Amino acid sequence: MADMEAADGCPGKYTVGLGQEAMAFCSDREDCVSMALTAAAALLAKYGVAPREVGHLQVATESGLDRSKSIKSHLLSLFTPAALAHPAPPPARATAPAAAPTTTTTKEPITTPATAATTAAATGPAGGGWGPPAEGADVVHACFGGTAALLAAAAWVESSRWDGRLALVVATDVALYAPGSAARATGGCGAAAMLVGPDAPLVLDPLWYGTHGEHAYDFYKPLASLPYPTVDGALTLSQYLGSAGHCALRLAQRLEAAGELVPGEGLLRHVGAYVSHAPLNKLVRKGLSRLALMDELRRREAVAAAAAAAEAATAVAGTAVAEAAAAAAAGVGVGAGEAVAEDARLLAPAGLEAAVREGAQPAAAAGAAGEWVQEWVQEQHQGAPGPGCSRAAQAPHLIPQLQLDLGVPDASLPRPSAGAAAAMAGGGGCSGGGGCSTSAPAAASAAEWRLADKSLEGALVEATAALWKQLGDDSAWLQRQLGNAYTASVWHGLASLVWRRGGAGLAGRRLMLFSFGSGTLAALLGFVARGCGTGSGSSGSSSSAAASNGNDVGSGQERGDGAQPPAAAAAADDDGSHFRDPGPRDARFTLDSIQRALDLDARLAARVVRSVADYDRVTAQVEASYSRPLPYTPAGDLAAVGPGVYYLASVDELGRRLYERKA
């Protein structure tokens, strides 16, 4: 990216401004199909998975090359009758010595192995062998497609259609922007392959699931004759940050309904690591700071609600009743008050506690971010709604616009009314009798959420710098090297996290993953990492250092630099550590085996540095391939394709694409 800055005459814009270090790209010899083939084949080989062990195949992309033929159909070439006839290896026990899977240091696209895995039957049904994975198809919704594919695969494993085998999910994309585009430095390419099944090393927590969706034209590809998207950059940033906020509020609402959170208790104090879709690194940091902001807003809303209830109760029945009403209004039970109080330090810059001890007021000591939050909460309560109004009417900016189906609603929970958008816009949502104030705030718009406020944005990033180091930096390490890979990007982040921390740094921890796709769909997912956490399988990665520098959240130990980890992330057993177990029975699919197979340091070191002139030439090659007359042979240098990598050999007179594998 420093080379691109020099070529564009903008020193620091991409390395500091975007937070990126390098960008992967490919010629017209490789595309979304070839990368999917490479990733899937590498996954099966590295983990010793026989094709007959796979019964479901799901693919995600937004770089499709055909409006009818799926990428999945190309991947079925890996599941020929001869391949399916090959016997599956017997299940290995986790207690047995785990031999490192075969790895490679070629320039093949980075893959994310085994997000989840199981032992599959070694023999087929009576009277015959297994057939190819006919279940599954391609999924398209911008960068969210990979997550949609993963959830579809998990649903198959949970369904009555499951035949006992693994599901394979492949996300593959090329992010290419036209020369001269302001977004050109946010390009990249890559693929990720994942196995899904029970007895997994990374377990989807069905309760930790918050979603958001709306219609927007922020990023789309209307022209089939060009590889480039149409982008409204400002709107994309707003959609990304707004979606993160909506997903966080919806997830919190879901957890409150299940009794997992008290009102005002933060999400991030229960999380040991954060993984996100990464159009650019700075945006990922802003996304985490937005989640911290949502936690702080909910905390202060709970405090404000408790104070209002206490004031109202005092006027009616005196101090004792007021205290009970305040506790009920805030949902504060035994020990919950401490949890909510700890969250107060989420947006606190370094030195807050010392400043308070020296006599500074907490609101002032918290810095610009804390001041913004306090101002926001005060604005929302200026209407002073009457006693007949629900909590939703007091703070409708905290209510997601789309309703969750959580079963029978709890009357004490804030809920959007029918026709939520119209009702909220009119200041509605009051329940019960009269007394509702007509000045109740309207539903949150982008302006009200201050999504475009650069002062707030900068203050939030500064205030959450320690939180980022604690939760997000390890997962962003690989993304900074590859650039954006659309559907594969968030899974590159997961691969990065496993490589950097390994089983020792992740076992028993809850991971929060934010997936975003323009247009717009987004989700916050929770994973729990399994394993005993007794040691790391890495001898050359930075995972051991990462685990000892405060990223082993919940240990209560000091960070390697002497600083204490953020209190919001350091509560014992609140980040998923109560889920600890020995891990998967099959030694092929442990966190440590994944870490060994990834071998990211060696693979990144084997890359070949190309010049900006090379990138310009390749961009022209790819653009020309969209209008080149048939038949044609790709112009890209075949010598640049690494061993074991699939590539496009030719396109015939009928537009049929032939892929081969480099020996």
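Even glycines carry a Cβ here, placed using N, Cα and C.
Residues or ranges marked as compositional bias 'Low complexity' in TrEMBL: 93-114, 539-571. Under the heading compositional bias 'Basic and acidic residues', TrEMBL lists 575-586. For 4-80, 135-201, the entry in TrEMBL reads domain 'Hydroxymethylglutaryl-coenzyme A synthase N-terminal'. Annotation source TrEMBL lists domain 'Hydroxymethylglutaryl-coenzyme A synthase C-terminal' at 203-308, 450-529, 592-662. Residues or ranges marked as region 'Disordered' in TrEMBL: 87-114, 538-586.
By the count of Cβ pairs under 8 Å, the stretch nearest in packing to the domain 'Hydroxymethylglutaryl-coenzyme A synthase C-terminal' (203-308) among 4-80, 450-529, 592-662 is 450-529. Of the ranges 135-201, 450-529, 592-662, the one with the most Cβ pairs under 8 Å to the domain 'Hydroxymethylglutaryl-coenzyme A synthase N-terminal' (4-80) is 135-201.
Here the domain 'Hydroxymethylglutaryl-coenzyme A synthase N-terminal' (4-80) has, by DSSP, the following mix of helix, strand and coil residues: 36 helix, 7 strand, 34 coil.
Mean pLDDT, taken over the domain 'Hydroxymethylglutaryl-coenzyme A synthase N-terminal' (4-80), works out to 97 on the 0 to 100 scale.
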